[in-house]
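Below is one structure, written out as structure tokens; the observations come after it.
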Amino acid sequence: MTATAVSQRAFNFSAGPAVLPVSVLQEVQDELLCLPGARTSLMEMSHREKEFIEILHDAENSLRSLMGISDDYAVLFLQGGAALQFSMIPANLLRGTDKTAAYIQTGTWGKKAIGEAKKEGKINVVYDAATSNFNHVPAAGDYQVADDAAYLYYCSNETIQGVQFQSEPECPSSVPLISDASSDFLCRPLDINKYGLLYACAQKNAGPAGVTAVIIRRDLLDRGSDQLPGYLNYKNHAENDSEWNTPPTFAIYVLGKVARWLTNDIGGLDAMEKINREKSQLLYSAIDESDGFYASHAKPDCRSTMNVTFNLPNDELLTAFIKGAAENDLVNLKGHRSVGGIRASIYNAMPREGVECLANFMKDFASKNG
Ligand SMILES: *Cc1c(COP(=O)(O)O)cnc(C)c1O
């Protein structure tokens with residue numbers, strides 16, 4: 001990437017597809033015409049070629065070592081986005097059983113997952129934060145899950161509302177815990193052994209659109225019926241090393257580079273979490289110290305380190321804020337229409353400098369308009 005191209009980049013607060021590390025983009029650019037040693041571009045290469053198989057294994061192994069994933073789990077690279085997982089999960093783990101699946105609803109994405117799951121079997125929404133406009137997550141004891149539930153599903157970070165679980169929700173040990181971690185994947189360490197399945201589309205925090213990482217405990221692979229459409233059966237993907245059909249090769253390649261960047265440049269997920277806490281705190285302090293000029297959407301104990309959502313006193317000020325921010329190279333800050341206000345998505349790859357710049361802009365804007 002030329003220096004000019006880099007200097008033309010604004011601070012991009014898009015919720016997804018979203019900011020990627022400049023060093024990763026630069027590597028991709030360097031290797032785009034010809035993958036070193038391969039004599040073709042990665043995009044022109046068979047997914048059965050040894051160079052790609054190495055890239056695939058490298059991406060998987062980087063995720064395994066970053067997250068401490070043991071061989072009890074399969075790591076799959078699938079297409080269809082997070083949205084297909086809304087259906088694949090109940091199709092494999094609920095369809096045809098007489099069990100009920102438990103869902104915790106703390107925002108828009110959980111709600112969509114519930115809508116799809118209803119088509120597959122019986123579900124029980126054990127906790128619903130809709131009546132408070134999705135501004136919090138449940139505490140332990142706020143809901144009950146039956147010991148024989150097919151699974152307990154939740155979304156660890158609701159991207160639109162900016163509401164994040166600080167740790168896993170309580171779940172009986174007999175029930176597989178399932179997480180949509182699309183917008184906080186790799187933002188902090190977690191104990192994967194607590195999960196039956198955890199998945200994330202890449203385009204928020206881990207790469208470009210096109211690939212979804214699914215980490216599934218191997219004993220769950222046998223639950224899908226052979227009558228499922230082949231693509232929808234997790235077992236097919238696990239048995240064929242994510243090559244049951246052509247996987248999204250380019251997206252997997254970039255995801256692998258992002259995982260390496262986290263390991264080598266950032267220093268792992270503990271270090272990433274510390275940075276994310278500091279970055280998000282800069283914005284939450286600007287909100288809390290604005291004497292009520294900015295109103296946080298999420299309750300303080302479940303504020304997201306990834307998507308910071310807040311509102312301004314009125315629509316004129318909101319419009320002026322977005323315009324003024326863009327003039328300061330701070331772009332894509334408009335909140336989702338269902339929540340309104342501002343949403344600053346500050347994923348792993350958002351440099352601290354971008355967050356500092358936004359925090360300063362917020363303070364300046366509040367003092368001029370408050
Ligand atoms: C973006 C997002 C989705 C939807 O992802 P698609 O890849 O567009 O299907 C689902 N869940 C969460 C938490 C998201 O942030």
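Placed from the backbone N, Cα and C atoms, the Cβ positions cover glycine too.
Whatever TrEMBL says is automated annotation, not expert-curated.
Record features, source TrEMBL:
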type	residues	note
DOMAIN	11-358	domain 'Aminotransferase class V'
BINDING	ARG48	L-glutamate binding site
BINDING	TRP109, THR159, ASP180, GLN203, ASN245, THR246	pyridoxal 5'-phosphate binding site
MOD_RES	LYS204	N6-(pyridoxal phosphate)lysine
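Annotated features, which come from TrEMBL, shown on the structure.
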| residue | record | DSSP class |
| --- | --- | --- |
| ARG48 | L-glutamate binding site | coil |
| TRP109 | pyridoxal 5'-phosphate binding site | helix |
| THR159 | pyridoxal 5'-phosphate binding site | coil |
| ASP180 | pyridoxal 5'-phosphate binding site | strand |
| GLN203 | pyridoxal 5'-phosphate binding site | coil |
| ASN245 | pyridoxal 5'-phosphate binding site | coil |
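Cβ neighbour count within 10 Å across all protein chains ranks THR159 highest among the binding-site residues THR159, GLN203, ASN245, THR246. Taking a C-beta cut-off of under 8 angstroms and a sequence separation of 6 or more, TRP109 (pyridoxal 5'-phosphate binding site) has the following same-chain neighbours: ALA82, CYS155, GLU158, THR159, ILE160, ASP180, SER182. Checking Cα-Cα distances from the residue listed as 'L-glutamate binding site' against the recorded positions (GLN203, LYS204, THR246) with a 10 Å cut-off leaves THR246, in sequence order.
Take the recorded positions ARG48, LYS204: by the count of other Cβ atoms within 10 Å of each Cβ, the lowest one is ARG48. Between the C-alpha atoms of THR246 (pyridoxal 5'-phosphate binding site) and LYS204 (N6-(pyridoxal phosphate)lysine), the distance comes to 23 Å. Across the domain 'Aminotransferase class V' (11-358), mean pLDDT in this model comes to 97. Its own atom aside, the Cβ of ASP180 (pyridoxal 5'-phosphate binding site) has 27 Cβ atoms within 10 angstroms in the protein chains shown.
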